[in-house]
Amino acid sequence: QKRVILMLTLPQPPTITKQSVKDYIVDPRDNIFIECEAKGNPVPTFSWTRNGKFFNVAKDPKVSMRRRSGTLVIDFHGGGRPDDYEGEYQCFARNDFGTALSSKIHLQVSRSPLWPKEKVDVIEVDEGSPLSLQCNPPPGLPPPVIFWMSSSMEPIHQDKRVSQGQNGDLYFSNVMLQDAQTDYSCNARFHFTHTIQQKNPYTLKVKTTRGVTETTPSFMYPYGTSSSQMVLRGVDLLLECIASGVPAPDIMWYKKGGELPAGKTKLENFNKALRISNVSEEDSGEYFCLASNKMGSIRHTISVRVKAAPYWLDEPQNLILAPGEDGRLVCRANGNPKPSIQWLVNGEPIEGSPPNPSREVAGDTIVFRDTQIGSSAVYQCNASNEHGYLLANAFVSVLDVPPRILAPRNQLIKVIQYNRTRLDCPFFGSPIPTLRWFKNGQGNTLDGGNYKAHENGSLEMSMARKEDQGIYTCVATNILGKAEAQVRLEVKDPTRIVRGPEDQVVKRGSMPRLHCRVKHDPTLKLTVTWLKDDAPLYIGNRMKKEDDGLTIYGVAEKDQGDYTCVASTELDKDSAKAYLTVLGKAVLPVLIYLIIWPPERPDRPRDLELSDLAERSVKLTWIPGDDNNSPITDYIVQFEEDRFQPGTWHNHSRYPGNVNSAVLSLSPYVNYQFRVIAVNDVGSSLPSMPSERYQTSGARPEINPTGVQGAGTQKNNMEITWTPLNATQAYGPNLRYIVRWRRRDPRGSWYNETVKAPRHVVWNTPIYVPYEIKVQAENDFGRAPEPETYIGYSGEDYPKAAPTDVRIRILNSTAIALTWTRVHLDTIQGQLKEYRAYFWRDSSLLKNLWVSKKRQYVSFPGDRNRGIVSRLFPYSNYKLEMVVTNGRGDGPRSEVKEFPTPEGVPSSPRYLRIRQPNLESINLEWDHPEHPNGVLTGYNLRYQAFNGSKTGRTLVENFSPNQTRFTVQRTDPISRYRFFLRARTQVGDGEVIVEESPALLNEGECRAAPASTWLPPPTTELTPAATTATTTATPTTETPPTEIPTTAIPTTTTTTTTTAASTVASTTTTAERAVAATTKQELATNGSSIWDIRAWANSNWANITWSHNYSAGTDFVVKYITSNKTEKSIPVKAQTPSSVQLANLTPGMVYKLWVFPIWSSPSEHSYITFTTSSAYTKNHVDIATQGWFIGLMCAIALLVLILLIVCFIKRSRGGKYPVRDNKDEHLNPEDKNVEDGSFDYSDEDNKPLPNSQTSLDGTIKQQESDDSLVDYGEGGEGQFNEDGSFIGQYTVKKDKEETEGNESSEATSPVNAIYSLA
């Protein structure tokens, strides 16, 4: 209130407090209110301009101005057109000390124009074609909201195929037949009038075709491959890409050269729109959307430029000066383009205002010197560019006012002990007074330690203690006088519940008591309330509330729940909670209930009290909580201090579970607070409530810091670091460290520095010199004992000399021996770490073989002068140089030595392809080794036939170095073949590649490795024995180098797929792969690259893998082109390892393939080529299509039908067949059918035994393996049905006499009849 009265009595220039927005759109149906309010002393008067000219409010009867305000009211109740009042308005507020201006307010009247009449024809479109339905809404103010519905007002379902663009048009990525089931109408909803206008609906007619052709994506919006967009800083940027294609494409968004802005991006409209909120200059750059489906992908690049309307860096602030004082107004703004600054005074350009000798304009700053009474004014700063403007008012008021205290006098502040508090003393004066605080009217100014004085006059105490009680005086002083006020501070004891309610289990009808004993400050009024289940408890006749608890008489089930005791005063409160369980009569008695209750963690200890307070110890007592049927084994005492790590609890000590008190050892100058945790076999309890705080008195430190080190970070310094003392080691306030150092020389003098941080840097030191270092702790009570001396070293510099007399001796094709002369220790200028031999492969001794010149190095200990460099590439020219290394880095390099490596054995051939055009031959094709390691002299091929575990003899073929094809003539059409191929140089045979011919259909189950899984092949070597050939797996004799400058040696594997056929002759296919590897691609601009691109291909798919060193999360594009120029691209999300599978490839086709990051374009020369294998089939005849076979099967079917009819007729005549007249043999007298001279029809004698089949001679054989040439249609009388099943002969052939004598019985069996006819 005092502050308000003061402001009313002091002169003050006008200040605008409220105004309408710059772009002001109004509803034409309502009256118009253009707001402008201001404050000042005297009260300001108001005037307006419209379109830059004075607006006479009094001349227009529809316009009035509110009393004591500048707000314009335009009333249309009596008629009139709101459109007549559109324009640009500006408000002026004036009084005797200046004029303030509002922003220019652009008034516009909302419009809702009608939709123009138009005739909409039926749209015919082919199924699968893209389509866009245009909306073209009438321009409204503000623009309308667009949505699409049918004429029956049903919303149009939208998804990634059908969606509405930001321009309101409806886009179909591809039209489907179902889209013709409704019509489409564009609707516009206008904001102010709340009206919806509907456009005439579109009707679709979809022309169907036999099949919709799948198409690659193309963009419907925006058009072309690139576009640009400008956006203003601070608004939302909306980028949109809508694409057509079958199937509907997926859209993904990327930013070139980086990630999408984190935390401010949002994908909308089924990922077709990217919204970036609150755009800043960092968001400019190139964004691109990638539209992809299984047919391919395309992308569109959008270049985003961020411009900015002016925004404040330093907005001018009101300035109050005393006569003769200096001051300045600063107006700094930024924007794109850079805004221009214009100053005005009282609404007029400062250039045309009366001259003021105390004022100087310097760009965006006005400097005032030696101001005088009468210089008050309102200054306006206008910052503008082509995108907008800012206008700010700031007054300069020159006043001569003695200090005044604005707060009430003799305030009383109450605070709880150890809480933070603040004493306020607002003041005013001109010149600005200086404010100081005093306690009890004496002593020094209060600032520092527990006190902190703020510029606004407040005095803050971080922790109020009992000794802080008293009367505080604030004194404000300037050259015109002083003023003071007093504030009385009272520190109260906290309110604590020392015994709270406990969890109880009681029987219904008993009388439980819930305790709540409270300790509080006696000068404060205490209020104790109870809650049940966190709601106020109604104290009825069955409950009695007492000073230290609550008693419930005749407890019932409804009384069960959480009970909370809340003790509060006007300053603080405390609470404690317990759960009351009520058991009914049918439940076991309480004692048995507690016995069978499972053990749990103990309840928290309670009622912590401190006693026997001493300087270095205190006695802590607590009441144990319920052990919950598991005895308490331990108590853990923890402490917290509020100076170094407030809020962090540390373990202090541990005590057995049978005690409830302990004497705790304390450290000096620690404000302790304790809590206790109980432990049993189940676990630990919750911590107890904290105890009261106890502050120990201070003392000098007893220990010094540990971990003292000295090391140089630069060549002319030494950084001394150490582990600082913790809160319990500081022992006093203002902990600091005395750092001493000197050169390691007894005659040297000590230097010292006192610091608080655990680090000190000594500058201008010699290079790598030992120092003696001491660090001693000190506080306000004294110093710690004399510290230990540590040895440190100043900074290192690069070595000055290089190793000399470097000599090289060739050991073998992949290793050399080195010797050198070590450098003198004086030239190392630091700690010797190692010697390094840098080497690189300069060229290959083979012509036209590209090699990587990547530098590598080998390290040797500093006390060595010899070593071995291994894992080199054979038959290459190498260069080598040596350096010595210390902690700073490498020294100068020695003379470059050149040496060649001799020939070695080659790596394995890149691939070995196997094709089987027929059962008589196998075609082999291979490629040269990736690393010849010398001049190739030929190839060695070993191969052998195998069938299961049986193997044939080993055959050997040798080829010239230019031969890469060979045909093997099969000697056994059933067996498979295993091939071992090696390349050879003069040194010997190289690594082996092993492949097997594909399996035939009946060899076993079809085996197929997953297309995405590649297993490394075994490296095997044939070892002929005396009589039989065996295969033995042996490791390769030479391991290739681990660091290969180009690409890794390709791993070749074979995946065999066996496919069942529908005829006797089986058809097998093999997944053959062509292994292709690139050289290293060109580096990207950021130094990243892709290399080791490989393709494993069969006839219609290929696995692609590659290596790269781009950042994690980089997405890639795999692009491939066939030899007939068909191009496709596949986006690959970031993954490890980097791989993708290409499907639906054309057999026997040559492909070019690129791999590149999704935000870049492929290099013209960075592709690899691979060829898919040719699809082949065996030359076989399908027996099911032969005319003679069809005729035979028809005749058999006709005979079977006739016999079935005859059988049915005979059965219908009695079902029994007389045999006595037709059979001479004596019947078995034991036959139960002998008596009537007949027997029931049965073919039991003709059924084969289980697990047997009938041979051609009519005898029964044990079933044998079906693995025979019969299965392949090359022998035997068995046949296959059309479904591939075998028709066997399932009857036993009788001897000739029996057959003739029992002809009728035999003929009744259809199968026997077929057999007899055959």
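Cβ coordinates come from backbone N, Cα and C, glycine included.
Curation does not apply to TrEMBL; its annotations are automatic.
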Per TrEMBL, the range holding region 'Disordered', considering 931-970, 1011-1050: 1011-1050
Per TrEMBL, the range holding region 'Disordered', considering 65-88, 689-712, 881-904: 689-712
For the domain 'Ig-like' (116-203): best-contacting stretch of 217-305, 310-397, 403-492, 802-904, 908-1004, by Cβ pairs under 8 Å: 217-305
Range from 217-305, 310-397, 802-904, 908-1004 with most C-beta pairs under 8 A to the domain 'Ig-like' (403-492): 310-397
Residues of the compositional bias 'Polar residues' (689-698) by DSSP state, where helix covers H, G and I: 0 helix, 2 strand, 8 coil
Averaged pLDDT score, the domain 'Ig-like' (403-492): 88
Secondary structure content of the domain 'Fibronectin type-III' (604-699), with strand meaning DSSP E or B: 0 helix, 48 strand, 48 coil
Within the domain 'Fibronectin type-III' (704-797), residues counted as helix, strand or coil by DSSP: 4 helix, 47 strand, 43 coil
